[in-house]
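The following features are taken from TrEMBL:
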DOMAIN    6-150  domain 'Flavodoxin-like'
BINDING   12-17, 59-62, 97-106, Asp132  FMN binding site
DOMAIN    205-445  domain 'FAD-binding FR-type'
BINDING   Arg349, Arg381, Ala382, Phe383, Ser384, Gly415, Leu416, Cys417, Ser418, Trp595  FAD binding site
BINDING   Thr459, Ser514, Arg515, Lys520, Ile521, Tyr522, Val523, Gln524  NADP(+) binding site
Amino acid sequence: MAERKLLVLFGSQTGTAQDTAERIGREAKRRRFHCRVEALDSYPVAQLIQELLVVFVCATTGQGDPPDNMKNFWRFIFRKNLPPASLCQMDYAVLGLGDSSYPKFNFVAKKLHKRLQQLGASPILPVALGDDQHDLGPDAVVDPWLLDLWGRILPLYPLPPGLGIIGPDVLLPSKFTLHFLEERPRGCGGDQSRQEAARQPPSELHPFAAQVVSNLRVTAESHFQDVRLIEFDVTGSGIEYSAGDVLMIQPRNAPEDVQQFCQLLRLDPGRCFVLKPSEPGTPLPAHLPQPCTIQHLVACYLDISCVPRRSFFELLAWFSPSELEREKLQEFSSAQGQEELYGYCNRPRRSTLEVLCDFPHTTCAVPLDYLLDLIPRIQPRAFSIASSMLALPNRLQILLAVVQYKTRLSKPRRGLCSTWLASLSPQQGDVRVPLWVKRGGMKFPAEPDTPIIMIGPGTGVAPFRAAIQERVAHGRKGNYLFFGCRQKSKDFYCGAEWQELVKSGHLTLFTAFSRDQEEKIYVQHRIRENKGLVWDLLSRGNAHIYLAGNAKQMPAAVADALKSVFQFEGDLSPSEAEEYLTALERSHRFQMETWS
């Protein structure tokens, strides 16, 4: 009989794909499989040729890009020199998680499914495409797909003789156990010394604790949106970056939330523990120091501010001594209760901490060993770097929109990272933020005479501020910026800076202040108005176009404006204009960086 091993590999940006992969892992264990669940880039990819049964769970980010934790795998799997039969012994299934409001819906899953077949692997099922836009979210596709998956896998890998499926009335063991230490050893607290961190190049596992130098609001006090220009001192970090690179920041929970969580679960924040895996071979969480305090676990690791997923309610129900609370939790975790869960949790953006407050009898009964199964890790946040090392040596700046909005809940919803960063003041003393830099997707031309057209409404202007500073430092002109915001007097970020560069001849600036007149004007309107210049720069000057900002309607509106330029000025048909834009993308003369 074939060995009953299942490998579940995920590529996840926000944690949804990881949560789904772990759900598949739990279901596999109930079916008596030896199952490993790993991020694609944590898995030694050369071993893939030995795997017999693999499930891939992949999100698609931005404009059809793979998540950060599968980028190395993505590059490897598309190598042209891989033999066409290299995965011929593998049975596999691909589950995609995406958002159909984006043009490249589930692009990564579709492309991976096709590539695995090219390499000789056998699909157990057609690729499944989960959609955030569905009323019930991705589960509308995931639930029936999983039933189908097990229906196909079990005949190929039958249960061992005499053993049945472990029923839903049995609680699976926790992934880890917490062993509390009687005495607090030296260095227990989780805050790695700066000297130790400084020996490592800054990375997700070894971030650099950078000092906050300034934190300036760049919108008018009367403006609804609080946007900050924050500057960090990275002296001695070894950090180097170029225009287009991205700053990664590891946020932490608010002190009052940490205190409330510890009170609800009756935890002593000062207690020190070590983690041990329940099953041999299970790797310990790489981002959690050993030994560690409860304070560090709750403040820096557990994402108590995130909107909990269905799996949270499913596990929480197990621990409830209250029949009333348990019934409600079971309803929220059932397939039939997903609409009600959406109304309770997702629509109002209710946090994990708020849910725990709503189920007090259950919360104080949660075994500590299950905390890491129940609550995901705080994900690092990405920000386009808004400065150049050539203009500001040893410094790094970001342009940050503070996330705050109302739902039907009385307390406003606040972004974890942006609220924390906005609260930091250099006047408080030595204020530090754990950070590192990763290479960005945008690459600016090395040739000094190549003009660049930058389209950056709102905080989308951040990477272009870095590019302009870099190019000005090299004495390069030919910088064209289309900037859009609501009102010149309220949210014209870095306006005085742009005007100085216009005066010195280093910048040509086009602004669209959408609310400064009766009819709304956006960057796409300015592109159409300046179609002659845009076409001339592209057709004669070999210009590159860059677009950054909100991923919803703006990229499609800008693409339509560019195609209309190609038609009017280049005398191209609609299909030729479409092809011309695609050719610019293929040759990296049209690059986008968008976020939701």
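Just so you know, glycine gets a Cβ as well, placed from its N, Cα and C.
Automatic, uncurated: that is what TrEMBL annotation is.
The DSSP breakdown of the domain 'Flavodoxin-like' (6-150), given as helix, strand and coil counts, is 58 helix, 35 strand, 52 coil. Across the structure, Arg515 (NADP(+) binding site) and Phe105 (FMN binding site) are spaced 32 Å apart at their Cα atoms. Taking the Cβ of Gly15 (FMN binding site) as reference, residues of its chain lying under 8 Å away and at least six apart in sequence are, in sequence order, Asp303, Cys306, Pro376, Arg377, Gln379. In the structure shown, across all protein chains, Arg349 is the one of the binding-site residues Arg349, Arg515 with the greatest number of other Cβ atoms within 10 Å.
Of all the binding-site residues listed here (Ala59, Leu416, Ile521), the one with the fewest other CB atoms within 10 A of its own CB is Ile521.
Look at the Cβ of each of the binding-site residues Ala382, Val523 and count the other Cβ atoms within 10 Å; the largest number goes with Val523. Taking Gly62, Phe105, Ala382 as the binding-site residues under consideration, the smallest Cα distance to Lys520 (NADP(+) binding site) is found for Gly62.
Counting other Cβ atoms within 10 Å of each Cβ, the lowest count among the binding-site residues Ser418, Lys520 belongs to Lys520. Across the domain 'FAD-binding FR-type' (205-445), the prediction's mean pLDDT works out to 95. Each of the binding-site residues Ser514, Gln524 was scored by the number of other CB atoms within 10 Å of its CB, and the largest score is that of Gln524. Overall, the recorded NADP(+)-binding residues Thr459, Ser514, Arg515, Lys520, Ile521, Tyr522, Val523, Gln524 cover a maximum inter-Cα distance of 19 Å. A C-beta separation below 8 Å, combined with a sequence spacing of at least six in one chain, links Ser12 (FMN binding site) to Gln18, Asp19, Ala21, Ala39, Val57, Ala59, Pro67, Asn69. Other C-beta atoms found within 10 angstroms of the C-beta of Thr459 (NADP(+) binding site) number 25, with every protein chain shown included. Annotation for Phe105 (FMN binding site): spatial neighbours Thr60, Gly98, Asp99, Leu129, Asp131, criterion Cβ-Cβ under 8 Å with sequence separation of six or more.
Of all Cβ atoms in the shown protein chains, 20 besides its own fall within 10 Å of the Cβ of Asp99 (FMN binding site).
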